[in-house]
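S.K.: Reproduced below are the annotations present in TrEMBL:
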DOMAIN    9-152  domain 'Phosphotyrosine protein phosphatase I'
ACT_SITE  15  active site, nucleophile
ACT_SITE  21  active site
ACT_SITE  126  active site, proton donor
Ligand code: 4NP
């Protein structure tokens with residue numbers, strides 16, 4: 001996680017495996033916030049533990065590098081402490097949202113929402129089984145969603 005204790009928000013981006021959508025979302029949101037001069041902390045995780053400890057998918061890394069977005073993450077699974085550590089938990093799709101809410105402890109303080117709810121209500125489709133262009137559209141969607149989320153955080157919406 002980047003940014004300091006003075007962050008205006010601590011944001012956790014969540015998908016299933018934490019090797020495609022959410023590490024890309026973390027990287028893009030972090031870079032977009034920096035570009036806008038906003039100090040937020042961003043991390044990502046998966047609802048499942050299949051890929052814990054792994055680097056992001058090769059195509060996730062290639063796509064971020066192509067757009068000059070730094071990416072550095074090791075997959076981890078959603079933890080109970082995340083619900084109080086973070087101010088916002090952003091789910092990539094409705095299955096993730098359901099699974100996050102299912103394990104949320106009673107003392108959860110984070111706002112838990114579909115990331116797409118800040119823009120158009122759409123899920124981020126899983127590019128895991130798709131083509132290179134799938135990852136490119138994931139990147140574009142993450143960029144649009146990052147700006148929409150930050151607009152709301154800044155009270156512009
Ligand atoms: P992600 O994609 O949730 O965007 O990281 C997936 C990666 C791996 C698997 C599923 C989705 N998997 O089943 O291993």
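Cβ atoms here come from the backbone N, Cα and C positions, even for glycine.
Note that TrEMBL annotation is computational and uncurated.
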S.K.: Look up the residue listed as 'active site' in the DSSP assignment and report helix, strand or coil.
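M.R.: Reduced to three states, the DSSP call for the residue listed as 'active site' is helix.
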S.K.: Using a 10 Å radius around each Cβ and all protein chains in view, which of these active-site residues has the most neighbours: 15, 126?
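M.R.: The residue with the most neighbouring Cβ atoms within 10 Å is 15.
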S.K.: Per DSSP, what is the residue tally for the domain 'Phosphotyrosine protein phosphatase I' (9-152) in helix, strand and coil?
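M.R.: Here the numbers are 63 helix, 23 strand, 58 coil.
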S.K.: How many whole Å apart are the CA atoms of residue 126 (active site, proton donor) and the residue listed as 'active site'?
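M.R.: A Cα-Cα distance of 7 Å.
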S.K.: Cα distance, residue 15 (active site, nucleophile) to residue 21 (active site), nearest Å?
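M.R.: Residue 21 (active site) and residue 15 (active site, nucleophile) have their Cα atoms 6 Å apart.
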S.K.: Between 0 and 100, where does the mean pLDDT of the domain 'Phosphotyrosine protein phosphatase I' (9-152) sit?
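M.R.: Mean per-residue confidence for the domain 'Phosphotyrosine protein phosphatase I' (9-152): 96 out of 100.
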S.K.: Give the number of CB atoms, excluding that of the residue listed as 'active site' itself, located within 10 Å of its CB.
M.R.: 32
